[in-house]
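Asker: Feature annotation from Swiss-Prot assigns Zn(2+) binding site to CYS76, HIS79, CYS148; the stated evidence is sequence analysis.
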Amino acid sequence: MPNQEKMEKAIYQFLEALGENPDREGLKDTPKRVAKMYIEMFSGLNQDPKEQFTAVFSENHEEVVIVKDIPFYSMCEHHLVPFYGKAHIAYLPNDGRVTGLSKLARAFEVASKRPQLQERLTAQVAQALEDALAPKGIFVMIEAEHMCMTMRGIKKPGSKTITTVARGLYKDDRYERQEILSLIQKG
């Protein structure tokens, strides 16, 4: 579990190291506010995304299931600044095994609430879905803007990073993969 007191002390010292006075009016409560914010932002650290798939049903459904345009934010583990965007999750049920639609978004939320890399986030969500449902195919796509590319370094606001993970049928069958991409890209 996060140690809020230790975080507050570290943030206080960080402000001092910047040459700021952490005791001045505008900064006096900043260590506490920042620590609380990071505890919230990293709330997925002690959770497993696959544990979000608590509702699994046997339905007579053998066609693709897609939840798209899931808004999210996460924190780049290299710079501890946000990246944000939208995720698309698709799977092809195996033997009619489906999950509640909200469970896909919940699993994604848990995986995103930790210091993260977009590539790893994409793979973790795909793995959680594979572990929970063993579907015939999985396709996860994330489109995100990274503040580490917008605010510092190269300074290219508006640039997007797209990552994908395809498993099973969507990895092996080019036609099936193209169909998923087409469905995701439809307005």
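Residue 1 is the first one shown; counting continues down the chain.
From the backbone N, Cα and C atoms, a Cβ is placed for every residue, glycine too.
Computed from a predicted structure; not experimentally measured.
Describe each of these features in terms of where it is and what it packs against.
Answerer: There are 16 other CB atoms within 10 A of the CB of CYS148 (Zn(2+) binding site), with all protein chains counted.
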Asker: For CYS148 (Zn(2+) binding site), just give me the three-state DSSP call.
Answerer: helix
Asker: If you draw a 10 Å sphere around the Cβ of HIS79 (Zn(2+) binding site), how many other Cβ atoms fall inside it, taking every protein chain shown into account?
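Answerer: Around the Cβ of HIS79 (Zn(2+) binding site), 16 other Cβ atoms lie within 10 Å.
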